[in-house]
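Among the features that TrEMBL reports, repeat 'ANK' is placed at 38-70, 71-103, 137-169, 170-202, 203-235, 236-268, 269-297, 362-394, 395-427, 461-493, 495-527, 528-560 (among others).
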Amino acid sequence: MSDSLVALSLWDAIELGNLDLVKIFLANDVDINAVNDKGASILLVAAGSGHLPLVEYLVKNGADVNLSSSRKHTPLIAASAQGHLEIVQFLLDHKADINMASVDGINSVLGSLAGGNPHVTKFLIKKGAKINCAERNGVTPLHLAALIGSLKITKVLLEKKHNVNVATMEGESALLMAAASGQLDIVKYLLKKGANINQRTKKGATPLTKAVADAQFEVIKYLIKKGTDLSVRDEMGNSVIMIATLSQQIDIVRYLLSKKLDINAQNDDGMSALGLASAFNNMLLVKFLVENGADVNNAFCEKWRPIYIATDDGNLELVKYLVDNQAKAFGNCLVAAASHGFLELVKYFVRLGLEVNYCGKNQETALYAAVLNDHFDVVTYLTSSGADVNIAADDGKAPLFVSAINGNLDIAKHLVVHGADVNMCTEAGSTALHAASFKGHFEIVKYLTENGVNVNIASTVGTTALYEAACGGYINIVKFLVDNKADVNIVDTEQHFSPLLVALTNDHLDIVTCLLEHGADVNIVNTHNNNVLHYVAGKGVLDLVKLFVSRGVDVNKVDGDGDTPLLCAALNGHVEVCDFLKEHGADTTVVNKKGESIDTFMASKVSQLYLS
């Protein structure tokens, strides 16, 4: 039997409490203090599993009662956490250290409470365990006793002078934990013993805000009866009414309102309780708040108005209710509804009289928003309702341009039929044709061209639709555009790239061939002084090198780095191209700005041959 199988069987036997099998293993030279891959000893596993006879046997035969795991858990901590009182008693009778703690600060007392075993805790305290201890996050026995609802242990701890207001690393008190978990008896006892009713956490929470957040109604009523601060806000600036609204507890909201709290208070974002209720689409709570005086238009900014929140969620019923109760619909509601494709809401707002061409953020109209998000049904409704198809956003992009970017042919056709200007330019001088060519949307390119678009309009940086298609590698669009009189030699104004140069740069050789067939100028150079030969020589495309040389392209053109086509070929190891260029007059003496020359290339080749 392999060692791994023996080990596996041993640990199985321990967890099952099979004493006879464990004895066999121990009789066969297994160390009684052996540990598993987590550093847990045989005794620790047995204690945590609750096998008293096995624990007794191991201890009587020399097992170390204080041998801890890699995380420093001891057999006593394990037994305490699992509530095995008899094993706890036995281990303590055999000199187990009652106060040893794990690397996380968990000792037997904390372990017993964390495991929900207050009967073990009581015994440990009786045996002298320290109670003024805390694990690494600052949680003390009092915190855990309050959390699990053990009034007896809470009393014992406080009788032994445990600090009633001790806080965790996050500033949480035992009272706060008891309030949050609904432990009313403990809340009452802690307050009786001097707990600070308004003690705040680092994030500003108090026992009241936690009780409200967790819908602990009886605790809430008791804390208020005892004078807790009702004006407290949470870290987001939410009032207690707003916190109750977040919990969607109408009974608690009703009770808090009976305490004369401000129903229209706003949080740090400027949202009210009604806004929060609207965000949850909770009609019952919305109606309750409105009926009790909530201002339906109350918000710091438009996006937090209840009607906008309801619109953003597509809740037509709620929107109608708010409008019926004096909520003011506004232009951005229409834009939001269109953006999300909520057709019925769009219809409702238009019938309500909202301006169909209202421009919202970034000067975007409802039509623009619908086009942007491909909501064809909303687009058709808006155009039938008088939406202007040529209103552009603040970057000059009109709905047609956006449909071209998205590749939505149906919307593009609809817009053109309804008067969209096919030659309208953005702030950057681009048309819808530029956009469709850039994205490779052939059908839209075709449709726009058939409907009168100027294929040679250049952007503010001189790029045309053909340039965009050549850059993107869309051969079908390139062919279509040149067949429809696109100028193949318009260069951009920034780097002086022609469609041919940009196609070469991006290795679109099929497009290079097409452009050459349609009269592309092979002698255009860019601002870096590169000609077509620099690119094809550097890439080793011998056929194109031959073609360009035959068309008279300068073989000795020096670019901005001092490189000639010959140097580009040599430095990239294209021997055949080098030989061809030298045969056709390439200057072999040129040295670039880095000091590299043909001699550099040849020296490198000789070195490689020598080393090989």
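Glycine too: its Cβ is placed from the backbone N, Cα and C atoms.
Please treat TrEMBL annotations as automatic predictions, because they have not gone through curation.
Not measured: the values here are computed from a predicted model.
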Per DSSP, how many helix, strand and coil residues does the repeat 'ANK' (236-268) have?
15 helix, 1 strand, 17 coil
Six or more residues out from either end of the repeat 'ANK' (38-70), which same-chain residues have a Cβ under 8 Å from its Cβ atoms?
10-11, 14-15, 17, 19, 22-23, 26, 32, 76, 78-79, 81-82, 84, 86-87, 90-91, 94-97, 100, 102
By Cβ distance under 8 Å, which residues at least 6 away from the ends of the repeat 'ANK' (395-427) in the same chain are close to it?
362, 365, 367-368, 371-372, 374, 376, 379-380, 383, 389, 433, 435-436, 438-439, 441, 443-444, 447-448, 451-454, 457, 459
Averaged pLDDT, computed only over the residues in the repeat 'ANK' (203-235):
97
Run through the repeat 'ANK' (203-235) and tell me, per DSSP, how many residues are helix, strand and coil.
16 helix, 0 strand, 17 coil
What are the DSSP helix, strand and coil residue counts for the repeat 'ANK' (528-560)?
17 helix, 0 strand, 16 coil
